[in-house]
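Down below is the structure, laid out as structure tokens.
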Amino acid sequence: MLALVHIHIQWIVGIIFIILYCVTILGLVLVIITENRNPLKTIPWVIVLLLAPGIGLLFYFFFGQDNRKQRIISRRTYKRIMKRPQEGKLPQDACSVPAPYQPLVTLLTNSNQSSLLYGSDITIYTNGADKFHDLLQEIAGATHHIHIQYYIFCDDEIGNKVKELLIEKAKEGVEVRVLYDDVGCWNVKDKFFKEMSGAGIEVNAFLKVAFPVFTSKVNYRNHRKIVVIDGKVGFMGGMNIADRYTKGTSWGTWRDTHFKIIGKGVHGLQAAFLIDWYVVSKKLLNDKIYYPPLPVYSDDNIMQICTSGPVGQWRTLLQAAIFTVANAKKYVFIQTPYFLPTEGLNQALQIAALGGVDVRLMLPKRSDTRTANMATHSFIDEMVKAGVKVYFYKPGFLHSKLMVADDELTCIGSANMDFRSFEHNFEINAFVYQPSFALQMKKVFLHDMHSCERLVPSRWLKRPIKQRIAESFMRLFSPLL
């Protein structure tokens, strides 16, 4: 009798579990449909959830959620922080932004509240030795505060030089705040950061991941590289804190692009850092002392510092990239370590090339990620057929994120030309509306071309069928790479 009761209870529990499971799957399908996404994205998720609900549920939890409607900072707090750079901004109708890019200024202002800042002096770095020499020098001269944020902060020679100098400055009474990405620094022992916090430095990890298997936060990382010193000097670009930018690796040097800003443009970097700092610490730092009055160092350099991430309504950096390509009249030159474009950017590049614009794409000959490299090759096929000129950088690894257009606009920052940067990561780029600066960066691109191998379309399109199938297969996973 007891055995029959036990079986009956098991049967009821099983039925309840199946009902709850089906309700969960159907509810999730309903949520996906009502999010009004692109049908090309919605239909595959619905099919996977219905045909393979177990695996589909797991994959959706990690990779399928749309966080655009979530807020990690209140609108009120965001506006309070972003208001500070606007106090020194230049009215759009009073500046010399090239006419074709006036709508881009408006776009970045409306979607990102990015102020149009002028009067900055800019120093470009194309190698780590120069960048870290100047970075350490500027840190050593800090008198009030140092704000430093990196995706990767390695416990190596250069990492320890930076750490020891930050500790020294903290002991002098300088406010030091360090923000690092928890996933980017997975290989760094806690001791490295505890030494800094023990010396009085405020240290925080961005979106800390305690149990990677049980959270989707592992997929949304802070890829920004920001340094602000005394609110007067700033650094941003593609370089992390690591020896590979000065010593290279076993297979060559790391070629990257970074730059130093002195002047009002630093206020844009400061706002970006303080927003991220508020997200992790819930401490609002918005005093005027973090935005000191600054002189005009250059009448010409006009810029916008723009951020983008997986939360918020707009994919700002993706929109800006598409706008730049679509509005180019003469040329658009692009450097990126990973090329996994969204459909919109993919189409914009093809249309520009087919329309007679000189579109050049520079990629690393050898990548640090084999799967991403294979997926990249499948996208190159379409570029080549449309007339895009593709160059493979041979010495070491090209990690630069650069876009120059029509001798008028330059975009430099942390964002790659891939799904992850445009959809999942927290990124930061600078848009500089200055012909002389664009010409300078164009020369950098043309100089790098001497270290490149140009892709020959006739040979490229004859790659072995097995290779092309493998590349096309990896392309299916490009949003996750």
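Using N, Cα and C of the backbone, Cβ positions are placed for all residues, glycine too.
Curation plays no part in TrEMBL annotations; they are all automatic predictions.
The feature active site is assigned by TrEMBL to HIS223 (among others). When other Cβ atoms within 10 Å of the Cβ of HIS223 (active site) are tallied across all protein chains shown, the result is 24. DSSP classifies HIS223 (active site) as coil under the three-state reduction.
Within the same chain, the residues at least 6 positions away from LYS225 (active site) whose Cβ sits under 8 Å from its Cβ are GLN149, TYR150, TYR151, PHE235, MET236, GLY237, GLY238, MET239, ASN240, HIS258, SER414, ILE428, listed in sequence order. Positions annotated as active site by TrEMBL: LYS225 (among others).
Neighbour list (ASP230 (active site), Cβ cut-off 8 Å, at least 6 residues apart, same chain): ALA142, THR143, HIS144, HIS145, ILE146, PRO292. The active site annotation in TrEMBL covers ASP230 (among others).
Note: HIS399 (active site) has non-local neighbours GLY238, MET239, TRP254, ARG255, ASP256, PRO337, PRO364, i.e. same-chain residues 6+ apart with C-beta under 8 A of its own C-beta. What TrEMBL records for HIS399 (among others) is active site.
Sequence-distant neighbours of LYS401 (active site) (same chain, six or more apart, CB under 8 Å from its CB) are GLY237, GLY238, THR257, GLN335, THR336, PRO337, ILE412, GLY413, SER414, ALA415, ASN416, MET417, ASN429, listed in sequence order. Reduced to three states, the DSSP call for LYS401 (active site) is coil. Positions annotated as active site by TrEMBL: LYS401 (among others).
The active site annotation in TrEMBL covers ASP406 (among others). All protein chains included, ASP406 (active site) registers 20 other Cβ atoms within 10 Å of its own Cβ.
Here the domain 'PLD phosphodiesterase' (218-245) has Cβ contacts under 8 Å with residues 62-63, 67, 125, 127-128, 131-132, 135, 138-139, 141-154, 156-159, 162, 179, 181, 183-184, 206-207, 209, 212, 254, 256-262, 265-267, 269-270, 272-273, 276, 289-292, 294, 305, 307, 309-310, 399-401, 412-415, 421, 424-428, 430, 480 of the same chain, all six or more residues outside its ends. Taken from TrEMBL, the feature domain 'PLD phosphodiesterase' covers 218-245 (among others).
Beyond the ends of the domain 'PLD phosphodiesterase' (394-421), by six or more residues, the same chain brings 98, 100-101, 104, 126, 151, 223-225, 236-239, 248-249, 251-257, 259, 308, 317, 320-321, 324-325, 327-342, 345, 362-368, 372, 427-435, 437-439, 441-442, 444-445, 448, 451-453, 478-481 to within a C-beta distance below 8 angstroms of the stretch. Residues or ranges marked as domain 'PLD phosphodiesterase' in TrEMBL: 394-421 (among others).
Positions annotated as transmembrane segment by TrEMBL: 12-33 (among others).
What TrEMBL lists as transmembrane segment is 45-63 (among others).
Cα of ASP406 (active site) to Cα of HIS223 (active site): a distance of 28 Å.
According to DSSP, the domain 'PLD phosphodiesterase' (218-245) comprises 4 helix, 11 strand, 13 coil.
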